[in-house]
Amino acid sequence: MLDKIDPKAVKASVKTQALAYMPGFGNDFETESLPGALPQGQNSPQQCNYGLYAEQLSGSPFTAPRGTNERSWLYRIRPSVRHTGRFTKIDYPFWKTAPHIGEHSLALGQLRWSPLPAPKEELNFLQGIRTMTTAGDALTQAGMAAHVYTFNADMVDDYFFNADGEMLVVPETGSIRVFTELGKMDLEPSEICIVPRGTMFKVTRLGEEDVWRGYICENYGAKFTMPDRGPIGANCLANPRDFKTPVATYEDKETPCRVHVKWCGSFHVTEIGHSPLDVVAWHGNYAPYKYDLRTFSPVGAILFDHPDPSIFTVLTAPSGEEGTANVDFVIFPPRWLVAEHTFRPPWYHRNIMSEFMGLIYGRYDAKEEGFVPGGMSLHNMMLPHGPDFTGFEKASNGELKPVKLENTMAFMFETRFPQQITRFAAELETLQDNYIDCWTGLERRFDGTPGIK
Ligand SMILES: O=C(O)Cc1cc(O)ccc1O
Ligand SMILES: [Fe+2]
């Protein structure tokens, strides 16, 4: 079935991992890049070693219950009040924030796009972000946005923090270095990272590519966490030790730099004379992390029927209503299909949640053609969808021997809020006008008589 080897996937596995990380999910980490830089036994000594400044970064209210209380203590060359001066407004016209109803004339429908074309001009990561959909309301810290990025230049003296939410970055083409206040993470396609709300960072390119491209989920709500496994037990799906948090690394640089900020949907910039990535040591549980999707251990149907895709949830961001995610990050990794007397691909369905999908490599079993790496699809609240005609025919008539879906990595940002498409998405030249024709062949088969048709 999906057995074509994708050269990108092969290339991705060649790169060696040089940076150091600390394993675990949501741990209380501690790390210092100079010996003795981290105070022991207290957070806020009268004077810190090396002349460092102590500073707390809070990701939850001070009084949040222990299970969701997140903060880190940073020991840095300058306090971050010196990393922001007077702000001036700046425009990032393609980055939209909910609530945002795009001004466009595209009618409601199931939508699919081919990948973004490579940028014609020079763009860094920040300049290369394009919002496809927004959902909820960033001002009430609910909802999310789905973005795509393409870029071809490094952020050198430009830094960024997002006060509106955490950012889940999903590279599709090109490896990247995400240098945050708390340390550096290298990502290749198949790896993802989370940059927590408010954390300063910059993104640079790794390796040789024509373009660096991927997807971003900007989560305005409560932080992503690991889903409960319920009766699955204590293992499988994403395992905590496969989440990797960077060790402290600082950039001691005295050059003109710019810090860009996203705050309640508006953008601002401030000029400073040094790098804001100057944290020499830190400890705490509010920190960036990365995760290799290839370490996800899928659990699925071993006798019959197709389970709900929630079994493939890597991370879930709760909304406050039990079982109803602000946004789930779900993947469709390589796996064996063994179910007997079963239609094995996703069933036809309608869903109160809204599904934004992307493809990192390979092919997706419900849509073997048309949904390509770097592409996107949107199946919004209650809009019917499912396998295309070819997929239906194949799955209805194929021999049900064990089949391995190889070389495939699709994902979904699934939110409880309807997703509003932006004007950019509506007018994107790669929008596939004929997408819904993929279901045209699904004709009436019923003729009133019993039996398989
Ligand atoms: O629509 C999709 O392709 C995503 C999806 C996959 C699946 O296996 C079950 C439900 C679902 O929404
Ligand atoms: Fe779906």
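Using N, Cα and C of the backbone, Cβ positions are placed for all residues, glycine too.
Regional average pLDDT for the domain 'Homogentisate 1,2-dioxygenase N-terminal' (20-293) in the model is 97. Under the heading domain 'Homogentisate 1,2-dioxygenase N-terminal', TrEMBL lists 20-293.
The feature domain 'Homogentisate 1,2-dioxygenase C-terminal' is assigned by TrEMBL to 295-446.
The active site, proton acceptor annotation in TrEMBL covers HIS306. Over all protein chains present, the Cβ of HIS306 (active site, proton acceptor) has 16 other Cβ atoms lying within 10 Å.
DSSP assigns HIS385 (homogentisate binding site) to a strand in the three-state reduction. Look at TrEMBL and you will find HIS385 tagged as homogentisate binding site.
The secondary structure of HIS306 (active site, proton acceptor), as reduced to three states from DSSP, is coil rather than helix or strand. Taking CA atoms as the reference points, HIS306 (active site, proton acceptor) and HIS385 (homogentisate binding site) are 15 Å apart.
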